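Record features, source Swiss-Prot:
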- Lys187: active site (ACT_SITE)
- Asp33, Gly34, Glu35, Arg91, Gln92: ATP binding site (BINDING)
- His125: Mg(2+) 1 binding site (BINDING)
- Asp164: Mg(2+) 2 binding site (BINDING)
- Arg189, Asp224: D-ribose 5-phosphate binding site (BINDING)
Amino acid sequence: MIIGGSASQDLAAHVAEELNDDLCYVETKKFPDGERYLRVDGEIDDEVTVIQSTGYPQDENLMELLFLISNLKDLGAKKVRVVVPYMGYARQEKRFHDGEAVSAKIVANLIQSAGADEFITFNIHEKCVLDFFDIPTTNISAMGAIAEYIDEKIDEKPLIVAPDKGAYPFAQEIAEILDCECTYLSKVRLGPDKVETRIVDVEGSSDETVNVDSVKGKKAFIIDDIIATGGTIVNAVKILKEYGAKSVDVCCVHPILVNGATMRIYAAGANSLISTNSLSADSSRVSLAKSIANVLRD
């Protein structure tokens, strides 16, 4: 049985369709004082999968998730698997300053305490967050789904570019699937007050060096896990355009996209902005339903 929270109802419906499983309806609403009402409509199976992202508004979506998990256990579910495509607070995985809350740890404890028996997510920003759980966890990569989308849209070998070294493993993963070249951008200090972002020379799969000259005339795809304000992406788009890329498309798993990020990315020269549906956005063109269904089948 699949149950979708209000943040992930469409995704839950597609997962249920992939698995040919029952989809249980959840009624949610707010009382006049702002408190949340939740009711599960239907008989509950022994094993239930809840799908609910906890992006903006994070606190509301998290509370709904906790209500769902606890309610399902009260209603007789023996096992509750929790799929959180995007986990809010996951970037607050450590104490940066004295007195700060380690919010990711608190959220993990809340999910477990509510009664979750298993936790599944996608491309969590800091993998150490999974260590906060004492229940089985799975961190699915969405790069296969993104690679499939890219492959269907173009008829030539693209160049996959990570906007920084941290995102390079994502670019490598997609490039391996598509059998194409990849590289990343890096900031090079030229003097006390001068920093320049450049393409990093890397050895390609054909033993040829991927460098600045490799960009000219290519369809470039920038790959990252999360785009929030988009500053790094805007910079990457501009650089690739300057280097002569035929087109620049931007892809990510989690489209947070705050402070006008989408508009600024397009203004920089991006051909398109593509993301998964871990969060609901205009860019959400890559479905995670098959990836979730494959894990649930195991």
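Glycine is no exception: its Cβ is also placed from the backbone N, Cα and C atoms.
Shown on the structure are the features that Swiss-Prot records.
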residue : record                            : contacts (Cβ under 8 Å, 6+ apart)
Asp33   : ATP binding site                  : none
Gly34   : ATP binding site                  : none
Glu35   : ATP binding site                  : none
Arg91   : ATP binding site                  : Ala104, His125, Glu126, Ile226
Gln92   : ATP binding site                  : Glu100, Ala101, Val102, Ser103, Ala104
Asp164  : Mg(2+) 2 binding site             : Tyr184, Leu185, Ser186, Thr232
Asp224  : D-ribose 5-phosphate binding site : Ala162, Pro163, Ala167, Phe170, Thr232, Ile233, Cys251, Cys252, Val253
Note to self: Using a 10 Å radius around each Cβ and all protein chains in view, which of these recorded positions has the most neighbours: His125, Lys187?
What the structure shows: His125
